[in-house]
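The (6S)-5,6,7,8-tetrahydrofolate binding site annotation in TrEMBL covers LEU124, GLY128, HIS129, LEU130, GLU248. Under the heading N6-(pyridoxal phosphate)lysine, TrEMBL lists LYS233. Taken from TrEMBL, the feature site 'Plays an important role in substrate specificity' applies to HIS232.
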Amino acid sequence: MSVITPATDLLRQQDPQMADVLAGERQRQAETLQLSAAENFTSPAVLTALGSALANKYAEGYPGARHHGGCEYADLAERTAVERARALFGVEHANVQPHSGSSAVLAAYAALLRPGDTVLAMGLSYGGHLTHGSPANFSGRWFDFVGYGVDAATGLIDYAQVQELARAHRPKAIVCGSISYPRHPEYSAFREIADEVGAYLIADAAHPIGLVAGGAAPSPVPYADLVCATTHKVLRGPRGGMVLCGAEFAERVDRAVFPFTQGGAQMHTIAAKAVAFGEAAGPAYTQYAHRVVANARALARALEDRGFTLTTGGTDTHLISADPARLGIDGPTARGRLAAAGIVLDTCALPYGDQRGIRLGTAAVTTQGMGEAEMVRIAGLFTAALRGGAAAQTRKEVAELTGGFPPYGV
Ligand SMILES: *Cc1c(COP(=O)(O)O)cnc(C)c1O
């Protein structure tokens, strides 16, 4: 790819050891199937912004009110990113500085809560994120989390249970959002429950925000007080986070991001976010977001036909949660055999018992240009990989498939 090649050549001259590492990763991405539900391939334009001179600029504060000099272009980059995010999501205020999805959630809590407050969120054993109360994370240490689950039989959120827990625990905030839930949360139901008990509603839309941008998923913006998101999952931007909210929360959110939880923003990343928001505003991206969902549905059906049990019986998103138990194998073993065959994905919690399943998504393969026919082919490769014994052969077939769909267009 032309935007990468000259810089890559310079790096190779100076540091061949590291150049080999980067070339190896590029080859790995090209020759294996990237089915991690959290990953995607950004455009060359996004990568160009990431590798730009703004990487060297310090810009603590906000446009027009920086603690450093020389911020005229940094300000332009951030104002553009904010304006584009506001237009894309139809929201009054956007803070695009969070370094990651987790930083966005930390800032959201900092804006609305005090240590010791009670928060109701999806339990981690059902698909809640680390920042939703894990004892290993700041969230579990500093707040009193109560977890809601999903129905063991259907895998769906049980809104009666959420309401019951909200009434019993009177949380200061309710969090909706998950790392593995393949359906859309009913944001209006969460809003009603939050209103009934006087709680804030925080939507952690790290996964679906890219579908929201393309009109392929309902938006949490009209319902949630704060929407936290990543920019690097389906949304196909640089690694990073953001917080969206109404004007009434703007000041609290901004102060919660800087100076409360972060220092200087990463201006090259903010420029790359602006580029990604610009891409997401176009018709090609809208088509992309809908194809991501169509591909996920096709892949889900094909996996079900091959013996996988799908959490919630399918998907409305880019994400599939599946139990391979009927194939006589558990999630971690499946992930290992698939990885050996060049099929990369994650394990995830299942709604029942302690067994783990597999979690996969179609954002990256759809960016590569794959369609429903390829999804069926991928399901066939799953079967071959899980049988074990012929990993090298399956890996070759995977490389043949991906060879026709180079991730960076070359
Ligand atoms: C991915 C994700 C995050 C965290 O994003 P990072 O950029 O990895 O910190 C937070 N919440 C949810 C629900 C996620 O899926």
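Yeah, the Cβs are placed from backbone N, Cα and C, and that goes for glycine too.
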How many whole Å apart are the CA atoms of HIS129 ((6S)-5,6,7,8-tetrahydrofolate binding site) and the residue listed as 'N6-(pyridoxal phosphate)lysine'?
15
Counting other Cβ atoms within 10 Å, pick out the least crowded of the binding-site residues LEU124, LEU130.
LEU130
Of the recorded positions HIS129, HIS232, GLU248, which ones put their CB under 6 Å from ligand 1?
HIS129
The residue listed as 'N6-(pyridoxal phosphate)lysine' and LEU130 ((6S)-5,6,7,8-tetrahydrofolate binding site), Cα-Cα, nearest whole angstrom:
17
The record names LEU124, GLY128, HIS129, LEU130, GLU248 as the residues that bind (6S)-5,6,7,8-tetrahydrofolate; what is their largest Cα to Cα distance in Å?
31
Provide, as an integer number of angstrom, the distance between the C-alpha atoms of HIS232 (site 'Plays an important role in substrate specificity') and GLU248 ((6S)-5,6,7,8-tetrahydrofolate binding site).
27
